[in-house]
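Positions annotated as transmembrane segment by TrEMBL: C:21-40, C:76-93, C:105-126, C:132-155, C:206-225, C:254-280, C:292-310, C:322-339.
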Amino acid sequence: MSDARRPEFPGLRGPVTLALLGALLPVLMFAGLFAGAIPLEIETVVNSLLGRDGPRQDFIVLQSRLPRALLAALAGGALALSGALIQALMRNPLASPKIVGINSGAAFAVLVTAFYIPALPHSLLPVPAALGGLMAGALVWWCAQRGDIDPRQLTLVGLAVGLTLDAGVDALLVANTGPESSAPLIWLTGSLWGRGWTHLASVAPVLLTLAAAALILAFRLDLQALGPRRAAGLGVRIGLERTLALLAAVILASVAVSVVGVLGFVGLMAPHVATRLVGGRHRIMLPTAALFGAVLTVGADTLGRAIRPPLEISAGILTALMGAAFFIWLLIAEDRRILA
Amino acid sequence: MSPPLEPQADFMKFPTVFLALALAAGAAQARDVTHELGTTDVPDSPERIVVLEFSFIDALAALNLAPVGIADDDQRDRVQPVWSERIGDDWTSVGTRKTPNLEIIASLQPDLIIADKSRHAAVYETLGQIAPTVVYDSLTGDYEDMLAVADEIGTALGRAEEMDAFQAGHGARMDALRADVSEQTQGDDAQFGVINANGLWLHSPKSYVGSLLASFGFAPAMPLTGSDSYGELYQKTTLEQLSALDPGLLILGKSGDGRTLDQDWNADSLWQQIDAVERGRLFNVSSDLWSRARGMLTAEEIAADIRDIAATLK
Amino acid sequence: MTDLTFSRTGRPSRIRLSRGGMRGAVLTCVLAAGALASLLTGGRDDVGLAQLAGLFAGEAASPAEQTMRDIRLPRTLAAAGLGINLGVAGLLLQAVTRNPLASPAILGINQGAALGIVLGLTVPALAVVPGWLLASVFGLAAACLTFAIAGLVSGRIDSMRLILGGVAVGAIGFSAVRLGYTLEDDIAREVVRWTVGDIADLRIDAALRLLAFAVPGLGLAYLMAHRLNLMAMGHAASHGLGFDPRATLVQGTVLAALLTGVSISVAGPIAFVGLVAPHIARWLCGADHRRLLPVVVLIGATLTIWADALSKLLPQAEEAPVGIVVAMLGAPWLLVSVLRRSGTAHV
């Protein structure tokens, strides 16, 4: 995406959209407390939330739906931020954590751990995931560095690394088809089944810190968009900033993936939608993308729980379908501005 | 005349009181049950039990206990008739065994959950928040392992003696069936496999069905070496590999509703030359029963199938 | 290519094989070795080259000869056919999209076929339809959808839109595959296995079907070879040279789709062949598609035949699906190839 053609919407459009999304998210999360395999009434939900007497469903509301909603929002926001950072760094509208091989690296590492180091407690899974994502990201970065830091180089190498790691994931799945592969298989589809407060606690600090860091970097990225020379003149250290941003993107995606699995297309779609809504300035676009990613994931999780009980459709499956619809719409609308 | 009785009454008072106190204390106390993933405080006589694997249904059915929730893969007819005869039809489906629906389980307000180690270890703590949860390994291992797990479940439910009695009866019935069969099977090798449109999976001699066939006197067609890992217990086998094994008796469980691979193989001369096919010793059985339904009651059904197969061998 | 050099005195000096000739010879040897390895390995121990005589024995063939005739030979031929079809499809796509990482997977056919397979496993009404038919129908439908939304009908198609269209359609199939993972064990295992690519139980009809597409496909591709060379020069140059790049894009893609469709219907999606074989071919003999085509045929066939042999040779009772072995063989090549490109800062 050429920077000169990124849309800019001065004025209140950005902040208003941000505020609307910011209000939509808690409303959606609250609505999600009612929906699911067991539809609940307002009184039941409120009683459980406030600890009052009367009809209650403490486990469903407090131990299942509430932490899942928070985790979905956090993971969706993290993936969206990661995607936005990568697209900004690589100036490629098709870039996403998947493109840089991060998802595949994290997935491979988690599967290796799940199958061959079963003694590792599940709360520690973000660690191998982050390591896997970092290794994939590092490999991609190193390969691309050897020539020049050309964004297109990064994309190509990232695709190759990602494909290889995907093949590794397939090999692991074929080699381990027993019941111990149940949990990893479900995890791969991007599911919040069985997630609760412990999962949230294990990733929330890292994700929130990195999200804050990403938003700070957003301001610096706006300066970089002016071009290397002018940015350097304004005191931005390009190499270090870009490296930090890439690092943040990798860890955000890996840690999010470690706990909710591979949520397809969130990192790819959210920046696109955010740009169309509020323009290309990163300090507005990044938070918007994060909120959109959160809303999308919470919506997908709630829908997946409610469609066909007792089955649960993984959130990742629904986000992939939404991604498909989104891309088809993009193409049919023939909006070449974004694709140029 | 009261005086001769009084000392006796006094004498009897203490044990009676003691017994009463002990009983009262026992009823209020839950028991500690040790299982695959630790130790859990289980209520004395659980009444609302949720089971998340098929072999656990069997253990409950043996004790005539009806679970309130079953993970039946969203297909009620996966619960074998021999079980539903004893547990009825009142249970609620909690979804797939792979990902049982935690909300539905919670809404049933169970006082005990029985889960499988391979599948549910990841959500053991979450299940524990709903109700006391015990975990056993129901999917690996052979026939003897299944009996051991059923025994442990009996103990966990506080009905150890009843389970022992049932297992003794079950053992006797199985021995009787073995006696019927043993003359016809000496020296013959038999192989069981599950077949669908795309592949044939043979069950190794160390698998559940493999060990049952062995206990009925059949020789194994596959080599006895190999580990217990899932990939070795259930091996995808090509036609060429099958013809190299050349079993004398082939038992196929057909999975799925459509075509199965052996229908495609019928035209192959290599298939026709397999010992079992040539001698007409090819049998179809229910794949649901043989490969998915572990347990004592269903083992008796499988044994009845084996007896019927052996009867045609004469 | 042999190249006779004459010394100044006019007498012929040693005949030297040109480098291209050497490479071609080595490649053919590797292919032949792979074919032997594939033919001589399998479940039975008593099958060797001598059993090839069974091809003419008819009813009187021994089991070993039947194995060679009915199972081993067709399987090896099918493996070769897959390698040829997928390799040519990959070469075509990389040429018409000018993207060295294009492969048959970008058309969404893999994912469409996967959707068909998952539907066949989950919808009772479709259970009786054979898998290969579901894979073909849904795979080609997915390709048509990709073309349609990429603008084939409206004429707005270009390589970027094609890739995006493939991503969009692919996402639908991708969701279906992931859904298959969450269903019961048997379905999940089938889906995992199919999406990796498996040729274990193929017979002569499958091999013939593949070769029936490969031969005319190769011929058509050869006719396009000159235009494929010109595509590399960019749109402006092609207009100047008087041919329509868009038409070439469409023809190349449709041909690639047909070759891929038949391959998937036979064996499921085998990744990496269509991606890696053209890379290796370009490394060996440059960018002229008239030379690339036969080389890609050799390399693609070699890759899949060796993968088939190794899948039977690996020390496990159960054969590894051929798609996994292809990935294991192909992935290092891919990484090396991409590294070399980035090293020279040249895409």
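Glycine is no exception: its Cβ is also placed from the backbone N, Cα and C atoms.
Curation plays no part in TrEMBL annotations; they are all automatic predictions.
By the count of Cβ pairs under 8 Å, the stretch nearest in packing to the transmembrane segment (C:132-155) among C:21-40, C:105-126, C:206-225, C:292-310, C:322-339 is C:105-126. A Cβ distance under 8 Å defines the sequence-distant neighbours of the transmembrane segment (C:105-126), meaning residues of its chain 6+ beyond its ends; these are 93, 97, 134-143, 145-146, 162-163, 165-174, 176-177, 179-180, 183, 187, 190-191, 194-195, 253, 256-257, 260-261, 264-265, 268-269, 271, 274-275. Per-stretch counts of Cβ pairs under 8 Å to the transmembrane segment (C:76-93) identify C:254-280 as the leading one among C:21-40, C:206-225, C:254-280, C:292-310, C:322-339. For the transmembrane segment (C:21-40), same-chain residues at least 6 beyond its ends with a Cβ under 8 Å from one of its own Cβ atoms are 1-3, 47-49, 68, 72-73, 75-76, 79-80, 284-285, 295, 298-299, 301-302, 305-306, 308-310, 312-313.
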